[in-house]
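So that you can see what the record holds, here are the features copied from Swiss-Prot:
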type	residues	note
BINDING	102, 103, 106, 108, 129, 130, 131, 132, 133, 134, 135, 136, 137	5-phospho-alpha-D-ribose 1-diphosphate binding site
BINDING	133, 161	orotate binding site
């Protein structure tokens, strides 16, 4: 089945099933935030697949602000997301460039924090994230983007683990929009395995 031809509702359901099957694991894990958890979500097997990225880009694009001229995110989780959205936007004849925020500055040359076709200073950029737990990674990306002279109003995430990210992001004056929360992912994984 071609996911491009599906409706938004069926695209969401299909993406949720892909995430539950390929991105979610139950066990004992240490998260990037340092927290221990029985639930692990690694979206890369989905975001690095053609169908997964098409579904995701289709669902994310309507949430990117109209005045946003770029999408950006912290490497590595956001790399396929920003590329997929830039391509989906181009297919709709919308200019939306992809930017990648490094975890530390490039060690040579320009020593850049941000890679990609940089927009004019003051431009609105939407930040993308695969999974949010505390919001730390997202806010690090926002900090570097803001220091570079750009404006961020919202963060789009695939999965919100519901462990404080929304509150921390809101405290920073930003809006968090997530396609799914951890409870939805856990339930779909249970449904698939039963």
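Including glycine, each Cβ sits where the backbone N, Cα and C put it.
Cβ crowding, taken as the number of other Cβ atoms within 10 Å, peaks at 161 among the binding-site residues 102, 106, 161. Counting every protein chain shown, the number of other Cβ atoms lying within 10 Å of the Cβ of residue 135 (5-phospho-alpha-D-ribose 1-diphosphate binding site) is 26. Site extent for 5-phospho-alpha-D-ribose 1-diphosphate: the farthest pair of Cα atoms among 102, 103, 106, 108, 129, 130, 131, 132, 133, 134, 135, 136, 137 sits 32 Å apart.
The distance from the Cα of residue 137 (5-phospho-alpha-D-ribose 1-diphosphate binding site) to the Cα of residue 161 (orotate binding site) comes to 13 Å.
Listed in sequence order, 41, 42, 43, 77, 157, 158, 159, 160, 161 are the same-chain residues at least 6 apart in sequence whose CB falls under 8 Å from the CB of residue 131 (5-phospho-alpha-D-ribose 1-diphosphate binding site).
Applying an 8 A CB threshold to same-chain residues 6+ apart, the list for residue 133 (5-phospho-alpha-D-ribose 1-diphosphate binding site) reads 31, 32, 33, 35, 161, 163, 164, 165. If you draw a 10 Å sphere around the CB of residue 129 (5-phospho-alpha-D-ribose 1-diphosphate binding site), it holds 26 other CB atoms from the protein chains shown.
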